[in-house]
Amino acid sequence: MNSGVVTIIGRPSAGKSTFLNTASGEKVSIVSAIPQTTRNAIRGIVNTTKGQIVFIDTPGYHKSEKKLNLKLQEIAKTRLEEGDAVLYLIDLSREFGEEEKNICSLLIPLQNKTVIGLNKADLKSSKADLVKKELLSLLPDIPQERIFEISALKDEGINEILSLLIELLPEGEALYPEDIYTDQDVVFRITEIIREQAILHTREEIPHALYAGVEDAEMHKNGKELWVRAFLYVEKESQKAMLIGKGAAVIKSIRIKSMAELRKIFPYKVQLDLQVRVNKNWRQKDNIIKKISY
């Protein structure tokens with residue numbers, strides 16, 4: 001059998017998290033319409049009859065000089081070098097622009113281990129032929145047989161990509177037991193679900209100005225309930241007010257939806273105490289950036 005690590009790369013909102021969740025059959029990475037909601041190198045594990053793929057979902061690659069974005073770029077580059085293979089996902093509903101060309105430049109020395117998924121091929125706005133032409137000029141050593149038109153959301157073309165990726169991996173025993181689909185710890189998964197729900201409940205500048213943190217987590221009732229005290233952090237008092245909402249309606253909804261999502265993931269109930277705090281200009285603080293993006 002073959003087994004190894006596959007790094008997923010692409011522009012923000014190219015469908016990387018959706019692909020990972022669909023391929024693994026479980027919720028591993030948070031999904032939203034807001035670009036760059038993945039801040040960490042998240043592992044998802046897929047087992048097939050031919051072997052095991054350990055996927056790393058990297059942050060959406062986006063050139064920017066902001067501290068947080070620079071850290072996310074660093075994570076993406078490091079994971080590319082570490083992977084046994086690379087899956088490059090492209091959103092066919094968007095123009096093939098400078099960000100795609102920047103990613104292609106990173107992949108030039110990695111063409112022998114790269115597979116490309118043209119995502120959202122089911123949409124009428126798909127520009128598959130034009131994108132393929134661009135790719136073949138920028139990455140001439142990637143054979144056309146390694147370029148797939150897929151829909152991560154509808155689970156179309158996923159199995160074909162998985163089969164090819166398995167072939168690119170080295171021969172060896174599985175890296176993880178077959179019943180494991182992610183190596184994320186409990187606290188990390190809780191913070192990601194809370195952050196996802198906060199993003200889905202907000203708009204404008206708030207999704208990029210927030211992060212979640214778990215203060216306490218204790219098991220009760222003989223392992224049947226996990227009690228969690230967590231906080232959502234924003235940069236301004238005005239953002240805090242919006243996140244709480246009139247009559248605390250917004251934060252209450254975030255808490256309830258988070259508990260419902262967590263119940264789907266864990267074999268026990270999660271009781272969540274969720275509050276909002278202000279951490280002024282946290283996106284400029286190295287210790288916070290290091291804490292939430294690793």
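Heads up, the Cβ atoms here are built off N, Cα and C, so glycines get one too.
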For the record in Swiss-Prot, which of the ranges 95-98, 119-122, 219-222 is the region 'G4' one?
119-122
Quick check on the annotations: Swiss-Prot lists region 'G2' for one of 36-40, 236-240. Which range is it?
36-40
Just counting, how many other CB atoms are there within 10 A of the CB of THR58 (GTP binding site)?
25
Mind tallying the domain 'KH type-2' (202-280) by DSSP state, helix then strand then coil?
32 helix, 30 strand, 17 coil
Should LYS16 (GTP binding site) be counted as helix, strand, or coil on the basis of DSSP?
helix
Check ALA121 (GTP binding site) against DSSP and tell me helix, strand or coil, would you?
coil
